[in-house]
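Q: The following feature annotations were taken from TrEMBL:
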TRANSMEM  15-34  transmembrane segment
TRANSMEM  46-64  transmembrane segment
TRANSMEM  76-96  transmembrane segment
TRANSMEM  103-121  transmembrane segment
TRANSMEM  133-152  transmembrane segment
TRANSMEM  164-185  transmembrane segment
TRANSMEM  191-212  transmembrane segment
Amino acid sequence: MESLAVALQPYKDTVGLSAAVITVLQFFSGVFVVNDIRRKGSSEGFSAGPFLGGAVFSLLNVQFGQMLQDDAMIKVNLIGLGLNVVYVCAFYWYTLGPAKNKVWGQIGLAGAIAAGLLAYVQYEDPKVVEFRFGMILTVILLILVGMPLLGLGKILKNKSTEGLPFPIILSGSFVSLAWLLYGVILRSNFLVAQNVIALALGLVQLSLFVIFPSKPSSSTKKATKSDKKTN
């Protein structure tokens, strides 16, 4: 890693700026997912998890930016917070019937987690809070990146990637790659390890789009319907 760090050192500012810009652009990837939901006329088959997780993660990163006194980090994540709140509202708008109650439950859970972690920051020892909070953010990031894999069983059963947020996964992979390179330049093992795992998870998910189509085949749809009737 040392030789690569030396080779990339002259491009430190460029790589850092690129990582920041790509991160902001990633926030807008949710627009494509919301548009798919709009065209379908329903949020059925989609998950609010990426949007709620993105909102919580952005909010916590605003807090982390305040701890680090990093204005750029605060501004970037305020944009992310605002956009993800809009995505959640759009998701709820296209959620039909009793499913709205499930979305409210998810919103309540996300809010409780965010409130609990923000309260933790206020009471933790100032000497260790920055490192520990950074570790918590890393765990949340990896959960968010790997979240679409929770539906792997359904993907394999339907032989379709329908419902997977391709724009978010693709842009997230580019973000992980950009911050991985920046971590190499900074010689930050913490940042490198974090983004190596995130990039690996992203590539695994992208491989599913190569293996399976975005829409289930007609035969798969018939089999699914017959299974529902049987049950």
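The first residue you see is number 1, and the count goes up from there.
Here the Cβ of each residue, glycine as well, is placed from N, Cα and C on the backbone.
What you see is a predicted model, and the numbers here were worked out from it, not measured in a lab.
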Q: Any chance the transmembrane segment (103-121) and the transmembrane segment (164-185) have 3 or more Cβ pairs under 8 A, given the pairs are 6 or more apart in sequence?
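A: Since fewer than 3 Cβ pairs under 8 Å link them, the transmembrane segment (103-121) and the transmembrane segment (164-185) do not come into contact.
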Q: Would you kindly list the residues that approach the transmembrane segment (46-64) from elsewhere in its chain, counting only those six or more residues past its ends and only Cβ-Cβ distances under 8 Å?
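A: Those are 27, 30, 33, 36-37, 73-74, 77-78, 80-81, 84-85, 87-88, 91-92, 103, 106-107, 110, 113-114, 117-118, 121, 133-134, 136-137, 140-141, 143-144, 147-148, 151, 163, 165, 168, in sequence order.
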Q: Who are the chain neighbours of the transmembrane segment (133-152) in space, where the CB to CB distance is under 8 Å and they lie at least 6 residues beyond its ends?
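A: Hits for the transmembrane segment (133-152): 47, 49-50, 53-54, 56-57, 60-61, 63-64, 67, 117, 120-121, 124, 163-165, 169, 172, 176, 190, 194, 197-198, 201-202, 204-205, 208.
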